[in-house]
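Peer 1: Have a look at this one before I ask anything.
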Amino acid sequence: MGMKSGWLLFYLLVSLIKVIGSEQHWVTVYYGVPVWREAETTLFCASDAKAHSTEAHNIWATQACVPTDPNPQEVLLPNVTEKFNMWENKMADQMQEDIISLWEQSLKPCVKLTPLCVTMLCNDSYGEERNNTNMTTREPDIGYKQMKNCSFNATTELTDKKKQVYSLFYVEDVVPINAYNKTYRLINCNTTAVTQACPKTSFEPIPIHYCAPPGFAIMKCNEGNFSGNGSCTNVSTVQCTHGIKPVISTQLILNGSLNTDGIVIRNDSHSNLLVQWNETVPINCTRPGNNTGGQVQIGPAMTFYNIEKIVGDIRQAYCNVSKELWEPMWNRTREEIKKILGKNNITFRARERNEGDLEVTHLMFNCRGEFFYCNTSKLFNEELLNETGEPITLPCRIRQIVNLWTRVGKGIYAPPIRGVLNCTSNITGLVLEYSGGPDTKETIVYPSGGNMVNLWRQELYKYKVVSIEPIGVAPGKAKRRTVSREKRAAFGLGALFLGFLGAAGSTMGAASITLTVQARTLLSGIVQQQNILLRAIEAQQHLLQLSIWGIKQLQAKVLAIERYLRDQQILSLWGCSGKTICYTTVPWNETWSNNTSYDTIWNNLTWQQWDEKVRNYSGVIFGLIEQAQEQQNTNEKSLLELDQWDSLWSWFGITKWLWYIKIAIMIVAGIVGIRIISIVITIIARVRQGYSPLSLQTLIPTARGPDRPEETEGGVGEQDRGRSVRLVSGFSALVWEDLRNLLIFLYHRLTDSLLILRRTLELLGQSLSRGLQLLNELRTHLWGILAYWGKELRDSAISLLNTTAIVVAEGTDRIIELAQRIGRGILHIPRRIRQGLERALI
């Protein structure tokens with residue numbers, strides 16, 4: 001029985017030590033932690049546009065973009081791994097909408113060619129030869145009949161008058177209605193709404209930077225061979241992207257960015273291949289013919305810019321590509337494609353004419369206002385590439401009516417441009433498609449295009465937008481001191497916004513040291529970006545009236561302030577306003593962190609990793625913090641109601657004394673009134689019983705028993721406990737008597753309370769003494785148990801050592817004895833041999 005009780009006490013002691021040793025953690029709020037989450041937001045653009053330029057890109061950029069930052073900042077994030085996915089990048093979709101806006105804004109004031117959807121009589125036209133020495137051989141795929149000279153009736157300035165006008169059209173831009181009577185119409189009249197480009201419109205792309213609004217950041221992957229989809233370990237944060245030239249083209253990527261580490265091929269796991277080179281291949285395109293442009297009035301205030309006459313070869317447009325530079329890059333690209341697709345049996349060829357629109361089957365781009373359509377068979381067909389000399393010449397067509405890529409069912413009429421046109425660009429990549437899955441024997445790879453979003457994905461593959469989440473919660477060892485009023489600290493302004501994420505790769509313990517600086521950086525970064533936006537808006541307010549981008553930039557400004565105010569409102573609801581580290585009274589639940597130890601959290605995890613671990617419980621934690629703060633507010637309200645007890649000295653003020661006198665008068669008046677009422681009631685009761693009232697000055701002795709003698713002069717005799725009741729007269733005597741009785745009553749009650757308190761303290765002291773005695777006995781008993789078990793363990797160890805020593809000694813003796821026998825046997829071998837020989841001789 002004693003042994004069982006000893007084990008029970010030992011178990012209780014161990015449990016007590018375990019409970020005491022386990023440290024309670026509390027939810028702690030941190031403001032300014034380097035945490036971000038993927039987000040979608042409206043980016044704003046920045047460019048070095050020239051307001052005095054009439055070029056379409058400059059006009060649009062002046063109205064839509066802010067000036068670029070002369071000192072762009074980039075902050076590296078060490079020890080950070082981030083996932084990117086270029087195929088789901090919303091930045092590319094936004095850029096697509098922006099470039100559509102650019103084109104539509106450029107064409108907004110131009111004339112719609114609906115009045116030209118009439119029947120036209122057309123004949124072949126070949127242009128005027130300048131001289132035979134300057135003529136070059138026409139390419140077979142261009143055709144000899146290039147132009148149609150068409151006549152049609154057009155409305156004059158007076159709507160009821162018509163006149164016959166003439167104009168030259170390219171063969172591809174008109175469709176025969178009746179081949180017998182040579183009637184034609186424009187190719188887009190029955191399918192699209194055709195808009196005539198303004199005569200002075202030119203498309204010369206300028207670099208455009210996309211920037212994140214305040215409260216957001218742009219993550220950038222700096223790995224040279226990054227495929228655009230997956231994890232990136234070399235990450236930095238920037239405010240704006242690099243300058244992107246919005247060049248519209250198909251098949252070839254012109255004037256894009258280069259890769260720093262070889263050729264990279266990006267596959268969307270369907271059929272698209274985006275190729276990015278690390279070297280450029282120049283392409284020089286020329287239209288040497290000299291168009292003579294004219295204008296035809298087709299209605300009131302409507303002018304159609306047509307081609308009156310062409311001098312020289314009407315379609316001698318071509319592009320030259322250096323075979324010495326193209327061939328090695330194309331061969332390296334083909335080898336990389338074979339590695340990506342995991343096949344060697346791949347056919348590379350150009351598209352046939354019947355495999356899609358001209359924009360897809362040909363290289364389409366804009367050169368100084370003219371739309372070129374070039375045949376790229378000599379670039380992609382191996383047999384033609386081997387036959388081609390230096391340089392590779394691509395025959396090109398020029399179209400006046402073009403299917404716009406911006407909207408389905410929309411076309412553009414590009415007015416003729418006078419003079420010689422020449423454009424030099426750099427090929428930086430390819431847009432390819434392949435047919436045939438992994439189970440097919442043959443795979444065909446051919447150039448493609450048309451989906452301009454792929455061009456922007458190729459430029460924005462290494463970027464993504466994230467929102468800054470500066471509020472974080474984590475377990476802490478400190479608990480908030482309840483019901484105390486503290487001074488609130490105010491934030492100052494600090495360095496740069498991007499520096500806020502500079503501690504992203506640090507552990508939580510290291511990053512929490514710089515929370516004040518990071519919080520200041522966050523606010524100052526918002527203020528800095530607001531100032532940049534505001535200056536840009538003020539400088540361009542007369543231009544922003546023409547564009548919705550002014551509203552978008554103002555929305556970005558308001559959004560940042562709203563996000564900051566929202567965070568401050570949340571902190572205020574939690575009682576953490578103005579604090580970078582705020583302790584709470586909410587106990588930390590270990591299940592929220594998947595039972596991760598306290599030291600592991602603060603020494604091994606970054607804030608971003610910690611946020612991913614507890615993100616699912618954020619709502620629960622925030623709700624508990626808010627409930628705890630509501631309870632804290634209730635407690636503070638109760639305390640403030642008793643706050644006057646903190647200033648006892650104010651009790652002696654003249655105002656208080658007047659209040660005390662008033663209360664005393666009211667109490668005395670009440671007592672006197674009650675006394676008078678009680679006397680009146682007593683007199684009335686006695687009168688009803690037949691007695692007359694005695695004088696109030698008469699002392700009425702109390703009645704004695706007949707057998708009790710009265711008290712003598714010496715004080716002998718039985719003294720009755722009763723006393724004469726004196727009836728006082730007068731107001732002062734009555735008040736004094738009542739106050740005397742009240743004070744005597746209070747004195748007796750106070751004496752009784754002190755006696756009870758003393759008795760309680762005596763009992764408490766006895767209980768405490770008894771408890772200490774029991775604790776001492778428990779300690780003695782536990783010490784005895786520990787001594788007993790220590791002695792038992794020592795005896796067992798000694799016995800074990802003795803037994804081991806005996807066994808070892810016996811074993812050693814046996815081994816020695818066995819060795820001696822073997823040794824004696826070996827020594828006796830010669831003697832045994834000698835004895836054997838002696839017996840043999842006998």
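Cβ coordinates are placed from backbone N, Cα and C, and glycine is handled just like the others.
Feature list, courtesy of Swiss-Prot:
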- 612-646: coiled coil (COILED)
- CYS45-CYS65: disulfide bond (DISULFID)
- CYS110-CYS198: disulfide bond (DISULFID)
- CYS117-CYS189: disulfide bond (DISULFID)
- CYS122-CYS150: disulfide bond (DISULFID)
- CYS211-CYS240: disulfide bond (DISULFID)
- CYS221-CYS232: disulfide bond (DISULFID)
- CYS285-CYS319: disulfide bond (DISULFID)
- CYS367-CYS423: disulfide bond (DISULFID)
- CYS374-CYS396: disulfide bond (DISULFID)
- CYS576-CYS582: disulfide bond (DISULFID)
- ASN79: N-linked glycosylation site (CARBOHYD)
- ASN134: N-linked glycosylation site (CARBOHYD)
- ASN149: N-linked glycosylation site (CARBOHYD)
- ASN153: N-linked glycosylation site (CARBOHYD)
- ASN255: N-linked glycosylation site (CARBOHYD)
- ASN284: N-linked glycosylation site (CARBOHYD)
- ASN320: N-linked glycosylation site (CARBOHYD)
- ASN331: N-linked glycosylation site (CARBOHYD)
- ASN375: N-linked glycosylation site (CARBOHYD)
- ASN426: N-linked glycosylation site (CARBOHYD)
- ASN595: N-linked glycosylation site (CARBOHYD)
- ASN604: N-linked glycosylation site (CARBOHYD)
- 122-149: region 'V1' (REGION)
- 353-363: region 'CD4-binding loop' (REGION)
- 374-396: region 'V4' (REGION)
- 439-448: region 'V5' (REGION)
- 441-448: region 'V5' (REGION)
- 24-663: topological domain 'Extracellular' (TOPO_DOM)
Peer 1: Which recorded positions (ASN149, CYS211, CYS285, CYS396, ASN426, CYS576) fall within 10 Å of CYS122 (disulfide bond) by Cα distance?
Peer 2: ASN149
Peer 1: Since the record lists CYS45, CYS150, CYS189, CYS221 as disulfide-bonded residues, which of them has the fewest other Cβ atoms within 10 Å of its Cβ?
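Peer 2: CYS189, out of the disulfide-bonded residues CYS45, CYS150, CYS189, CYS221, has the fewest neighbouring Cβ atoms within 10 Å.
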Peer 1: Find the average pLDDT over the region 'V5' (439-448) in the predicted model and report it.
Peer 2: 80
Peer 1: For ASN595 (N-linked glycosylation site) and ASN604 (N-linked glycosylation site), what Cα-Cα distance in Å is obtained after rounding to a whole number?
Peer 2: 15
Peer 1: Whole-number Å only: compute the distance from the Cα of ASN426 (N-linked glycosylation site) to the Cα of ASN255 (N-linked glycosylation site).
Peer 2: 5
Peer 1: List the recorded positions among ASN149, CYS150, ASN153 whose C-alpha is within 10 Å of the C-alpha of ASN284 (N-linked glycosylation site), in sequence order, or say none.
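Peer 2: None, since no candidate lies within 10 Å.
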Peer 1: Quick one: of the recorded positions ASN79, ASN320, ASN331, CYS576, ASN604, which has its CA closest to the CA of ASN153 (N-linked glycosylation site)?
Peer 2: ASN320
Peer 1: Near CYS319 (disulfide bond), which recorded positions out of CYS65, ASN79, CYS221, CYS374, CYS423 have their CA within 10 Å?
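Peer 2: Neighbours among recorded positions, in sequence order: CYS374, CYS423.
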Peer 1: Consider the disulfide-bonded residues CYS150, CYS221, CYS285 and say which one has the Cα lying nearest the Cα of CYS582 (disulfide bond).
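Peer 2: In terms of Cα distance, CYS582 (disulfide bond) lies closest to CYS221.
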Peer 1: Where does ASN331 (N-linked glycosylation site) sit in the DSSP three-state scheme?
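Peer 2: For ASN331 (N-linked glycosylation site) - judged by DSSP and reduced to three states - the answer is helix.
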Peer 1: Considering only the disulfide-bonded residues CYS211, CYS240, CYS423, which residue has the minimal Cα-Cα separation from ASN255 (N-linked glycosylation site)?
Peer 2: CYS423
Peer 1: Pop the Cα-Cα gap between ASN604 (N-linked glycosylation site) and CYS240 (disulfide bond) into the table, whole Å please.
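Peer 2: Each residue's Cα considered, CYS240 (disulfide bond) and ASN604 (N-linked glycosylation site) end up 32 Å apart.
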Peer 1: Could you count the residues of the region 'V5' (439-448) that DSSP puts in helix, in strand and in coil?
Peer 2: 0 helix, 5 strand, 5 coil
